[in-house]
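Remarks on the structure that follows.
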C-alpha cells in the first residue's frame, strides 16, 4: 500500500507518524508532504530516512490513501485531484465535513457506512469526536432531546503558533506574530475560531452541526460555548444532557464499560476524574463526574476529556485508514 501524509511537519502530522510507527500496517511506500518551506527536510520512520516532498510530487506517486492535515484551503484544492487518480482521502480539516455528499466518520460509531465509492472522507472536529463518542451510546439507550456543552480547549488545537505564544508569554519573551487577540498564559478566552454574525464562533457551530450529522438526528437541540485554556494535554467538556427516557447511572457505567475507546474515571471520593494532564498522549476518550441533574427531569451531567491531537485528530484518521485497509 502507498500511504501519503499532507501536512506531515505540523502538530497532527507528526503525531500521525508517531502512531503509524507503532502500527503494523502494510505500508509499502510512505510519502511525506508539507509546505514549500519544508520540502527537502528529512524525517525518520521505522529507522528509515524520508524526505519531505511537494504535494504535486505526492500526487504523481499515486498513493492509495492520503491523510490530509494541512487546512481547508489545501484540502479543497488538492483532495479532488487525488480523488481523480483513485486515491482515498481522509481529511482532517473542516473543508468537507458538512458536505451532504461526504461522510463524517468516527470509526467506533459509523465506519460501517463507508463504501468503496467514498473517496473523500471527513474527519470530525476534535471537540466533536470526544463528545459524540459519549453521546451516541446514550442516545441509542435513552434518546437525547437536548445537549448543553461548555468546552475547555487546549492551545494545541490552534497549532504550533498558539503553543509558541503561550510559551513565550510564560517565559516573558517578546511575541511578534500573536495568534490570539489576548494573552493565553494564565488566562482563558471564550473565543475559539472567529465570531459569526449570530454571536457564536465557528468552533461552536462546527460542534453543534457535526454532532447532529454523525448522530443522524437533526431533532436534537444543541448549544455550545467553546473556551480556549492554557493547557496542552487535551480538550475537556462539561456536558448537560436531557433525555426522552429516564437515565440510569449504573446502567450508564455498564454501557460505557463495554464500549471500545471509552475509559471511565469516576471516583470522587478518591479524587479520580478525567483530566487533560492524564489524557495527554492517549488514544481513548475519558469520562467521569457522571451524575443526575436534579434541576431538570431526565437529565445528566458528565465530564469528558481526550487528547485533541490524538483521538481528536491523528488517531481517528488512522483508525479510519485501518478500517478501510482491513475491509478491503
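Note that the numbers count up from 1, one per residue, in the order the chain is shown.
Cβ coordinates come from backbone N, Cα and C, glycine included.
Curation does not apply to TrEMBL; its annotations are automatic.
Predicted, not measured: the structure shown is a model, and the values here were computed from it.
Positions annotated as domain 'Semialdehyde dehydrogenase NAD-binding' by TrEMBL: 2-117. Note on the domain 'Semialdehyde dehydrogenase NAD-binding' (2-117): its mean pLDDT in the predicted model is 95.
Per TrEMBL, the feature active site, acyl-thioester intermediate maps to 126. Neighbour list (residue 126 (active site, acyl-thioester intermediate), Cβ cut-off 8 Å, at least 6 residues apart, same chain): 153, 157, 235, 306, 308, 309, 312, 313.
The active site, proton acceptor feature in TrEMBL is assigned to 235. In three-state terms derived from DSSP, residue 235 (active site, proton acceptor) belongs to an extended strand segment. Using a 10 Å radius centred on the Cβ of residue 235 (active site, proton acceptor) and all shown protein chains, the other Cβ atoms total 31.
When the domain 'Semialdehyde dehydrogenase NAD-binding' (2-117) is classified with DSSP, helix, strand and coil residues number 40 helix, 30 strand, 46 coil.
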